[in-house]
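Enquirer: Submitted below is the structure of interest, expressed as structure tokens.
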Amino acid sequence: MSSSENDSKFKYFGILLLTIQQASMPLMARYSRAREDSNVFFTTVNVFMMEIIKVVVCSAIMIYTTKSVMKYINELKLAIFEHRSETLKVCIPALIYTLQNNLYYIALSHLEATTFCISYQMKIFTTAIFMYFFLGKKLSTKQWWALVLLVLGVADIQYVYSPPPASEDVEQNPMYGFMAVLTMCFTSAFAGVYLEKVLKSSNASIWVQNIRLALIGLPISFLSMWYYDWEKINEQGAFRGWDFVVVCLTVTNSVGGILISVVIKYADNILKAYAQSMAIIGAAVGSWILFDFAPGFMFLLGTFMVIVSIIIYTAFPYQEPESKLSAYLKSQQNSSLLMIKPEK
């Protein structure tokens, strides 16, 4: 099988998995959080386990690709200890990602899954603004209009949204959940721009970078677990409230970042945008089935605006205008070709 056929399989398989992952995660998180306090899992323990799973998965992939445990150890040692400066640079995004993982569960404790999926697309807007001001990235006119459409769509959904009735006696505050999502959008944008700015010259693989982030996130998440939930953990156990859904949620959330890296490598941004759009629709259908969520016309209008904005933003990137000199040379070349007569 040729490498192009392999890449094509990776591309579509990765897109399919990304769509399923982004649609199912909010539903699983919402389902597992909508319980009485005594049955809800500790988010700090969940985040800590996610970092462990990330290290295990990336390590397994590295050992499989290098075909040697010693090569894996030497590569990791070289990347972490001998390139200390690069390791220190990922401390800030590692801290941010640990914070984000905790905010994720806070948001889904107060927001319906579809609303979360749509609101979280605001990270496109915040990332674009950060990249525009800090990395000098230029946006096309259509991309600017897409960002305006995105903000209007999210604002419309937030304005008309009211939490669906739940059978459990769970207190919800939609504004609190939306503020958690907004914080996630800004921190995600900052972390992404920061990593691109300081680490784009690094030769380390995506697996090594993920292990670096996880190894720094482990002590941070452990301190968070110790500070917030240690007494309850001693009384009720670290895995209080864990069931099959929580296990699936933890594994899916942990490998989500790795999956996005694979999709970026093998697929283009337009396919990724369609995956995000399909994930929003999938989350809406799942919410309708599981939580009796019935969106109104304005909610559907806002959803449509967000999906359209995602597609426009990725389909019409900025292109450098053709200089007058290159346009002149191109026209001269075309004129010369027209003047050449074919030999009889």
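Placement of Cβ uses the backbone N, Cα and C atoms for every residue, glycine included.
All TrEMBL annotations are machine predictions without curation.
The model shown is predicted, which means the values in this text are computed figures rather than measured ones.
This is the feature table in TrEMBL:
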TRANSMEM  12-29  transmembrane segment
TRANSMEM  41-66  transmembrane segment
TRANSMEM  113-135  transmembrane segment
TRANSMEM  144-162  transmembrane segment
TRANSMEM  174-195  transmembrane segment
TRANSMEM  207-228  transmembrane segment
TRANSMEM  244-264  transmembrane segment
TRANSMEM  271-291  transmembrane segment
TRANSMEM  297-316  transmembrane segment
Enquirer: Looking only at residues six or more beyond either end of the transmembrane segment (144-162), which have a C-beta under 8 A from one in the stretch?
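Expert: Long-range Cβ neighbours of the transmembrane segment (144-162): 111-112, 115, 118-119, 121-122, 124-125, 128, 174, 178, 296, 298-299, 301-306, 308-310, 312-313, 316.
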Enquirer: So, does the transmembrane segment (41-66) come close enough to the transmembrane segment (207-228) to give 3+ Cβ pairs below 8 Å, pairs being at least 6 apart in sequence?
Expert: yes
Enquirer: Using a Cβ cut-off under 8 Å, which residues of the same chain at least 6 positions beyond either end of the transmembrane segment (174-195) come close to it?
Expert: 90, 92-93, 96-97, 99-100, 103-104, 106-111, 115-116, 119-120, 122-123, 125-127, 129-131, 134-135, 158, 161-163
Enquirer: Look over the recorded stretches 12-29, 271-291, 297-316 and say which has the most C-beta pairs under 8 A to the transmembrane segment (113-135).
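Expert: Ranked by Cβ pairs under 8 Å, first place goes to 271-291.
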